[in-house]
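Listed in TrEMBL for this protein:
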type	residues	note
ACT_SITE	474	active site, proton acceptor
BINDING	185, 224	FAD binding site
DOMAIN	181-297	domain 'Acyl-CoA oxidase/dehydrogenase middle'
DOMAIN	333-488	domain 'Acyl-CoA oxidase C-alpha1'
DOMAIN	534-677	domain 'Acyl-CoA oxidase C-terminal'
Ligand SMILES: Cc1cc2nc3c(=O)[nH]c(=O)nc-3n(C[C@H](O)[C@H](O)[C@H](O)COP(=O)(O)OP(=O)(O)OC[C@H]3O[C@@H](n4cnc5c(N)ncnc54)[C@H](O)[C@@H]3O)c2cc1C
């Protein structure tokens, strides 16, 4: 029973204020409380209630369940850098020194540690993503530099080229003898790749392509590896052929070409190549981004990456794909690996931030009940609200991105057609969703650690600055979410025409009929804990929301296109479409999480994961409660029950938070050392609680 609130009198108001002043002044000049090894857990001051009903979690078992198949290679990378302090990135480092260090880190991994990423890009993509993820945990610049060399430059040669290209370049790329770039973006065109202006004109007399930058706006910009280290680039340009019947040339659309940039021995820029430095950036300063201008650069016809379109000796164009649009889609479709890699690396960065913020919040004590020790800041409800749903999301992303890596690997190794749609939609959606979430969370984690979070040694600053651009490169997030929305609408249309749906989209088949009928007034009032924690209720709620957004988007688009045309109608509904895409991705993430919980063989690990999964689901439903209330999907009593249950789950997850972050199994020098290094006192804390 809730206690009736007493009306505050002037007298007890004064009492409250003076108690508050007392506490704050204690905080400003605290009574020193020495930390000794024999201090007990009591003195760390957990709220007594915080220790009640704690689930037993065995970190080892949880960690084992989470680990991918590729832990061994990740440990090899961590150990390699741990054993070489001279290769670890110092806190204060200039751009030029960082670039050279990043090169030496990559060189060491390949030449000394014997890692061959390109081999895995082809044979075992999951292992390749694990390498990039581990390298990124050491220094995000290194993860990105590897991505440029192997996913972008290497990936474009392997996926857009044919056997002759693999025979000629594979070994040089894998061994780092051929460092290269991926030159797609131009000064005037980033997201709109079809608007690129660089041209590659075929010269039938010399059997060459001539690469030209026709205007300043067509200068290739932001090209990783170009400013200092790259010797080659895969350059995206419009393929121009001399027209057969009329004077002039025919534009065959955007294709990729291998263009040597620098002399292999002297490293001098080759004739017609002009390279500029994009300079100091907000983050990722270990990567040398540059700008490229081409003036009549001649390359052999063989340098056209000709998997989707070829030019014969006599200048005839052939392709298995009938239109420019289809060839363009196939070309870009081969490059989704970069998005898969960013989604999984971003999740890994979120794990690091979570681990630092949560461990710190367990140790840090501020205020407390009168005449009692101060309490851990993680015992404050507000701190739990900042960090526990985030921890739940980190787990959710871990399982969702692991699934994405798995289906991407299957698609690449089996070439199974039915996976293509799924991988494309999910890689765009997860890359956008996860990287946006991580970017916001990095600031929350910094803030959750107060002033110490601002010390560079605790990593939030560098993580935030380096990760920020994950939201933009490999496809701007707003643009990628539109691809997801467009895909959903296409599938929605096909559903009514009896077509097949991609696996991840399958739920829409049932959901549209079930979910679009009026909400059931009886279940709308159910508020029992068992019901709220039933995965069916949770998933139904997520899918209901997505289905309604999809149906209403389709209706609105149809209506507006009559007056505004297709482009105008899309723009009029853009925010609606972005919400739809996010809602769909959230549904897919939850479905994967539920499946992973149910499959877990160990009962106590399953119980812990179920708790985290419930928090993920109910916190989302609560955040969107307005949507559910508007259509009476959830009655007022149920909304209240969801809120209470979310608070309770945050609290329960807080009780096992240490085990949950330990299960990430991150090496000490990635997360633990910074806090221990902060000061003597923190070193003692760290030792004391056995972190
Ligand atoms: C550090 C770094 C490294 C990079 N490395 C490489 C590389 O190695 N190779 C390479 O080729 N490129 C590289 N890039 C370029 C990167 O891929 C592009 O910056 C990215 O694709 C976005 O393009 P843009 O910068 O032109 O942004 P724009 O497309 O101009 O976007 C600007 C804003 O407009 C919005 N916007 C654009 N179109 C739409 C739309 N249709 N609907 C709604 N909103 C829209 C976006 O959401 C964004 O907020 C790199 C960039 C950086 C910063």
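The backbone N, Cα and C atoms fix where each Cβ goes, and this holds for glycine too.
The Cβ of residue 474 (active site, proton acceptor) has 338, 339, 342, 431 as same-chain neighbours under 8 Å, each 6 or more residues away in sequence. Under the DSSP three-state reduction, residue 474 (active site, proton acceptor) is assigned to coil, being neither helix nor strand. Across the domain 'Acyl-CoA oxidase C-terminal' (534-677), DSSP classifies residues as 127 helix, 0 strand, 17 coil. Residue counts for the domain 'Acyl-CoA oxidase/dehydrogenase middle' (181-297) under DSSP, split into helix (H, G, I), strand (E, B) and coil, are 6 helix, 56 strand, 55 coil. Ranking the binding-site residues 185, 224 by other CB atoms within 10 A of the CB puts 185 at the bottom. Summarised as a single figure, the pLDDT of the domain 'Acyl-CoA oxidase/dehydrogenase middle' (181-297) averages 95.
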